[in-house]
Amino acid sequence: MKAVIFAYHDMGCQGVQAVLDAGYEIAAIFTHADNPAENTFFGSVSRLAAGLGIPVYAPDNVNHPIWVDRIAELAPDIIFSFYYRNLLSEEILHLAPAGAFNLHGSLLPAYRGRAPLNWVLVNGESETGVTLHRMVKRADAGEIVASQRVAIAQDDVALTLHHKLCQAARQLLNSILPTMKCGDIPSVPQRESDATYYGRRRPEDGLIDWHKPVSTVHNLVRAVAAPWPGAFSYNGSQKFTIWSSRICPDAQGALPGSVISVSPLRVACADGALEIITGQAGDGITVQGSQLAQTLGLVAGARLNRPPATSGKRRIRVLILGVNGFIGNHLTERLLNEENYEVYGMDIGSNAISRFLLHPRFHFVEGDISIHSEWIEYHVKKCDVVLPLVAIATPIEYTRNPLRVFELDFEENLRIIRYCVKYRKRVVFPSTSEVYGMCTDASFDEDKSNLIVGPVNKPRWIYSVSKQLLDRVIWAYGEKEGLRFTLFRPFNWMGPRLDSLNAARIGSSRAITQLILNLVEGTPIKLIDGGQQKRCFTDIRDGIEALFRIIVNEGDRCDGKIINIGNPDNEASIQELATLLLDSFDKHPLRCHFPPFAGFQVVESRSYYGKGYQDVAHRKPSIDNARRCLGWEPSIAMRDTVEETLDFFLRSVDVAERAS
């Protein structure tokens, strides 16, 4: 049986050798060039392949059509991936008749994603393992072929556990590969309800929070001990790294971060003390704890701290245009909850952000993006990340005012994008699920789904094509002029402060707000074309968390990416949404203040939106990019979102209005 292998690291070397020992023919091996900035303590797949006389390649993008064609020419019967760091395209996965199989360093479906070796130690697990699974489009989600458990000892650190996993992987492969070679490939579906996802870890994630339980701090030390970057803290401006530690249950009543003693060196945590066995000051040598205390000038009672502001990076400045809008005000709240963000915002009103106006890290100017261009250009230049959130985004306005939609949604935003290009600033741009239009795919894929819109005489599509054209312009600026960008596509986000009942009164609101207005005023709920259109409703808290992670941009994984942000599990028709809303309304404590329910009324879209409207039957996102780039998964049920949104609007109605 002929195999093509994708491999890197020690696990890659083990996998290559196991495949050879099982009698497979290896047509080629694909690996990575070592990164000079990375501590390459591990074995070299390229050197192993060269020594074995096997062709080896390290392309920058193995999914490029040129490489896909070359792999196809190799005619592999089977494909293996052993710790190869990039996802393989479906085109590659489908080249091998027997399938493509990946070795993952956890007991799937737990700990999907990045760095499972480190995460299991961070989380204090007592067991992990290795899993060989069939590769599918979603990372680490395919059927399980075989797995092997590995016990985690209390004294295990990252390197010792790494060696255990390599041994377990070799045993697993030695056992299963001969069976697979004969065509007998077990397949057990993963239980999605048990799946957990973890993202890439960065060196800065090793910063110790002494207010955590001592077991948490000790587990962090274990998880990132050498040759990983290490857990670290500060004494004043002096950084030091802890390479090994042990737990002492008694903190003697000391405050977290306080030095209890220097010989041995013990530091108080939330519920105990950490004894530092070995460590390193700055870029110095590794020494035992008491010598480290001497080097740092520590004495009993000293307080360790987070990096001082003078020695750390300045706060990240985020410019939000349209800051008073639904996404803008919720995002502002999330950013201000983090110490290292400063928010600059502009909008034509401030009712939704009034709670932030006195915040020292929030800077607001009331203005119009079509008028205050000088202020905008200055602040694009001044800030680090730009979010142009201003848009007309309600369907009835697409048919009422198509030219205004184009002028604001495309022309004004294009000017802002050009400022970002001019000053080389990162832009996080709100595309929209509307760009998919009448796409017929079961779920909409950012990188593969076609964007399909209706005829020119249906102005309903002006919003979709304005956004799509900006997406394409931004992409081109990224390709040709190095613009750093991320496009995010929200799918029907809902929650408090979505818009207003007054907007619903003039027909310029989202669907749920219009439905709530009908309940508040005792008018029939209008179901456009019967309300059979399906959407995937997403809680604003889930959406904002994903957007926040895009801004954080861990490992620059979001650069140049398009990311759907929606909840595929919350798919419902507008009729089902209305029924759920009515049920929540009837159970609400304020129900008695409002008129009786006036029933449902089916209306044609033409009579409601005008002749220029055209609807979409379904709109369901693929969120593989969000899982992969953000380590994000939506978690809030649709009923919870509906109840919170309803509660917000009902409590916003004043007493006199309720009585009337």
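Positions of Cβ are set from backbone N, Cα and C atoms, glycine also.
A simple way to gauge crowding: the CB of H104 (active site, proton donor) has 26 other CB atoms within 10 angstroms, across all the protein chains here. Taken from Swiss-Prot, the feature active site, proton donor applies to H104 (among others), supported by sequence analysis.
Positions annotated as active site, proton acceptor by Swiss-Prot, on the basis of sequence analysis: E434. Around E434 (active site, proton acceptor), the same-chain residues at least 6 positions away in sequence with a Cβ under 8 Å from its Cβ are Y463, S464, K467.
Taken from Swiss-Prot, the feature active site, proton donor covers R619 (among others), and the record attributes it to sequence analysis. In the three-state DSSP reading, R619 (active site, proton donor) counts as coil.
As annotated by Swiss-Prot, (6R)-10-formyltetrahydrofolate binding site applies to R114, V136, K137, R138, A139, D140. Take the CB of D140 ((6R)-10-formyltetrahydrofolate binding site) and look out to 10 A: across all protein chains shown you find 24 other CB atoms.
Swiss-Prot lists D347, D368, I369 with the feature NAD(+) binding site, giving sequence analysis as the kind of evidence. D368 (NAD(+) binding site) falls outside any helix or strand according to DSSP and counts as coil.
According to Swiss-Prot, the feature UDP-alpha-D-glucuronate binding site maps to A393, Y398, 432-433, R460, N492, 526-535, Y613, an assignment based on sequence analysis. If you take the C-beta of D529 (UDP-alpha-D-glucuronate binding site) and look for same-chain residues 6 or more apart in sequence within under 8 angstroms, you find V602, V603, E604, S605, D615.
According to Swiss-Prot, the feature region 'Dehydrogenase ArnADH' maps to 314-660. In this model, the region 'Dehydrogenase ArnADH' (314-660) carries an average pLDDT of 92.
The site 'Transition state stabilizer' feature in Swiss-Prot is assigned to N102; the stated evidence is sequence analysis. For N102 (site 'Transition state stabilizer'), the same-chain residues that are 6 or more apart in sequence and have a Cβ closer than 8 Å to its Cβ are F80, S81, F82, L132, H133, R134, M135, D140, G142.
What Swiss-Prot lists as site 'Raises pKa of active site His' is D140, and the listing cites sequence analysis.
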Structural state of H104 (active site, proton donor), classified by DSSP into three states: strand
Rounded distance in angstrom between the Cα atoms of A139 ((6R)-10-formyltetrahydrofolate binding site) and H104 (active site, proton donor): 10
Spatial separation of A393 (UDP-alpha-D-glucuronate binding site) from R138 ((6R)-10-formyltetrahydrofolate binding site) - C-alpha basis, Å: 31
Distance check against R619 (active site, proton donor) for the recorded positions H104, K137, D347, S433, Q532, keeping those with Cα within 10 Å: S433
For R619 (active site, proton donor), the number of other Cβ atoms found within 10 Å of its own Cβ: 21
Cβ neighbours of A139 ((6R)-10-formyltetrahydrofolate binding site) where a neighbour is any other Cβ within 10 Å: 17
